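Below: the structure, in structure tokens.
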Amino acid sequence: MPIVNVKLLEGRSDEQLKNLVTEVTNAVEKTTGANKEAIQIVIEEMKASHYGVAGVRKSDQ
């Protein structure tokens, strides 16, 4: 049972997140041969203030 965790900055629409789940599921099915019914996608949205690169938070850019 593949479980895919996706972390991204908040701000996407519900439609975008729905499409993300569909497309990731299709990609996992195609590349691993797993049944769609067994594939789980977990989306975690982060605030820009909770994510940083090179010592700088995204909210400070």
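Cβ from N, Cα, C; glycine included.
PRO2 (active site, proton acceptor) carries neither a helix nor a strand DSSP state and counts as coil. In this view, PRO2 (active site, proton acceptor) is surrounded by 15 other Cβ atoms within 10 Å of its Cβ, with every protein chain counted. Swiss-Prot lists PRO2 with the feature active site, proton acceptor.
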